[in-house]
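First the structure, in the form of structure tokens, and then the observations on it.
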Amino acid sequence: MAALKMTISCFLFLQVIYCLLSSFAPTNVQGLKVGFYDKACPKAELIVKKSVFEAVKNDRTIAAPLLRMFFHDCFVRGCEGSVLLELKNKKDEKNSIPNLTLRGFEIIDNVKAALEKECPGIVSCSDVLALVARDAMVALNGPSWEVETGRRDGLVTNITEALLNLPSPFNNISSLITQFQSKGLDKKDLVVLSGGHTIGNGHCPQITNRLYNFTGKGDSDPNLDTEYAVKLRGKCKPTDTTTALEMDPGSFKTFDESYFKLVSQRRGLFQSDAALLDNQETKSYVLKSLNSDGSTFFKDFGVSMVKMGRIGVLTGQVGEVRKKCRMVN
């Protein structure tokens, strides 16, 4: 009897230890895991990296659109590649107003073609988007993170869903917080992912209202630095619909923390950038990032990208693995 009690006690002790260790172990969400293709297509991530590095080497400005494409995919229907689909009637996400300035689709096509040649029908387009976004940042000497893979591709794309789900450059802080929370992202994620604006361009129509008619009285946004507003008006006339503007002037091809310095100086390009100062928690992170050497932001960016990459994923037998990213099988 004593031996039996000892055996039971040891078993219970081991169970407790197992549970404690499990609570600290990294968990995979909804079937995703790092290295999902290690056996089925062991060269997959290397193939993606090689293609992306070559693309960024040829054009450093392409990195930001590739990052943005993944963001736009995840916020609409989840990270399942619907932003890549094309419909004959043009009623797809690609043709929604927020997505008209997306570019880099040919790079996704090239990566997918290389993967299909190596291991047909294995790597999903949604995973391609996730891997490409990471590798584009690394190619700029930006942050790196382990990408969870195992997503499957969606079958539906809808032009109206992008307008309903994508955060707008005109949003105030309350709207931004609500939108991010609806995707399982918190205030810190909002600020960190907004930091992606350290690279890339905006366009005049996105700030015309801030410059010329913010309250309907022909005035500019009082939250925009006066001197900076003058410079922007010199580049963007009220009817300008095409001119591109550097999100992070002088540093828009370099991934760094300088975006937060601009925001703190009231020089964020979009109204949504300025809004980060309108909440104590988001403002605190902006100011905290000013006093780091970038390492905190880089680490946090990777964490938030992993979280974003879990939004609404399809795994297992749900969805499909497309042969070509622009169409369902």
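From the backbone N, Cα and C atoms, a Cβ is placed for every residue, glycine too.
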Inquiry  = Looking at the Ca(2+) 2 binding annotation from Swiss-Prot, with ASP248, SER251, ASP256 already listed, which candidate in THR178, THR198, THR296, THR315 is the matching residue?
reply    = THR198
Key: Recorded disulfide partner - CYS119, candidates CYS19, CYS41, CYS204, source Swiss-Prot   = CYS41
Ask   = Of the listed cysteines CYS79, CYS125, which one does Swiss-Prot record as disulfide-linked to CYS74?
value = CYS79
Among ASN99, ASN158, residue that the record in Swiss-Prot marks as N-linked glycosylation site = ASN158
Request  = Look at the disulfide annotations in Swiss-Prot and name the partner of CYS325 from this list: CYS19, CYS125, CYS204.
outcome  = CYS125
Query = Going by C-alpha positions, which of the recorded positions (HIS72, CYS79, CYS119) is nearest CYS204 (disulfide bond)?
reply = HIS72
Note = By Cα geometry, the one of the recorded positions (HIS72, CYS119, ASN158, ASN213, CYS236) nearest PRO167 (substrate binding site) is HIS72
Task = Reduce the DSSP letter at CYS74 (disulfide bond) to three states and note it down.
result = helix
Ask   = Just counting, how many other CB atoms are there within 10 A of the CB of CYS125 (disulfide bond)?
value = 29
Request  = Determine, to the nearest whole angstrom, how far the Cα atom of CYS119 (disulfide bond) is from the Cα atom of CYS74 (disulfide bond).
outcome  = 25
Query = Could you give the Cα-Cα distance between CYS325 (disulfide bond) and CYS79 (disulfide bond), in whole Å?
reply = 13
